[in-house]
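Student: Before we start, here is the structure in question, set down as structure tokens.
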Amino acid sequence: MIWKRSAVLRFYSVCGLLLQGSQGQFPLTQNVTVVEGGTAVLTCRVDQNDNTSLQWSNPAQQTLYFDDKKALRDNRIELVRASWHELSISVSDVSLSDEGQYTCSLFTMPVKTSKAYLTVLGVPEKPQISGFSSPVMEGDLMQLTCKTSGSKPAADIRWFKNDKEIKDVKYLKEEDANRKTFTVSSTLDFRVDRSDDGVAVICRVDHESLNATPQVAMQVLEIHYTPSVKIIPSTPFPQEGQPLILTCESKGKPLPEPVLWTKDGGELPDPDRMVVSGRELNILFLNKTDNGTYRCEATNTIGQSSAEYVLIVHDVPNTLLPTTIIPSLTTATVTTTVAITTSPTTSATTSSIRDPNALAGQNGPDHALIGGIVAVVVFVTLCSIFLLGRYLARHKGTYLTNEAKGAEDAPDADTAIINAEGSQVNAEEKKEYFI
């Protein structure tokens, strides 16, 4: 208590000076918020001070520092800065009991004070999720509870599933035994399905003491469900003589046992050509007798499911014969023939010659082949007529008839010829042409 007496004596000794300058002096402080376990710095400033003392005291009105002199024996309290214009102290390892109103006093006449409130934030404990028992059957109602304690003020709890927040939850806040912190819990209710298997459900705790880094708890769901079955063919258009693989794709939890293949409600009729390997049915060399309904059945401990595939074996399409290519001269001849002949077949022939591949890939008669044959026949016929005409034209001649006027009256042929010789010059020439 010696320091208190000296301080009082000093206080009264400078009373006159304080009265002169006290009108422009006033201490300034600021409220402080600190996380439990952290360090709080309390600062008191005076803009105008004529050597007047400053003092910090705690909520219990115990003096902590008088100018640069420490008054309370507490190793957590240290002097940061001391001058006529500022007195700053620090409190380390702050606890919830340190929260309250601290006072900075300026010993003028009268004494002037300024209040600073120290707020201590209670850090919430890491959350815990309860209520999950593995595994859960598809369609069951699940109830999960997330709980955290020690927060001040009360923490906020949020739920997420597949990174999507769930809003419809229950929230409960309870005061702890120390009557300073809170225990917060939140309950999530939902009905599970197979899409929830392997999904992470996250409980997130937000609080201002966490510096924007929330605390989380995660629960990965395990859902058991009946198999789902789908048959996938190796080709969408199975043809006779080709192989076919049917794959039975089954998903379930637990994993389904080996699948069972049947045809038309019975066993596979030809084991030599129909080979089952795992989840695949391999049919070698398809034929019409393979037509029917194939069924794939998968089973696990939860239940059974199946899928069906109707097989229709298609005929192999006819192979098109190569189209005869006709020279350009023949094409011209055929074109002339088409112009003279109005038959639809000839017109189709012309079209086929211009585009030999126009009907490729189509079923039915080979119009290109027929058109080529007709064109060759027409070409040969025209060539024959042309050659015959040239031959006959070379053997044409002029023939004179030895007939004269009055020869008809001659008694015999010799007389007629003699009579005609004199008039041969005037005889009329008759020409005959053979075509």
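Every residue, even glycine, has its Cβ placed from backbone N, Cα and C.
Features from TrEMBL:
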SIGNAL    1-24  signal peptide
DOMAIN    27-119  domain 'Ig-like'
DOMAIN    127-219  domain 'Ig-like'
DOMAIN    227-312  domain 'Ig-like'
TRANSMEM  368-388  transmembrane segment
Student: Reported in the order helix, strand, coil, what are the DSSP residue counts of the domain 'Ig-like' (227-312)?
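Tutor: The domain 'Ig-like' (227-312) comes out at 3 helix, 47 strand, 36 coil.
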Student: Of the residues in the domain 'Ig-like' (27-119), how many are helix, strand and coil by DSSP?
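Tutor: Looking at the domain 'Ig-like' (27-119) with DSSP, the answer is 3 helix, 50 strand, 40 coil.
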Student: Tell me the residue counts in helix, strand and coil for the domain 'Ig-like' (127-219), as DSSP assigns them.
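Tutor: Counts, helix then strand then coil: 6 helix, 54 strand, 33 coil.
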Student: I'm checking region-level scores; what's the whole-number mean pLDDT for the domain 'Ig-like' (227-312)?
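Tutor: Taking every residue of the domain 'Ig-like' (227-312) together, the mean pLDDT is 93.
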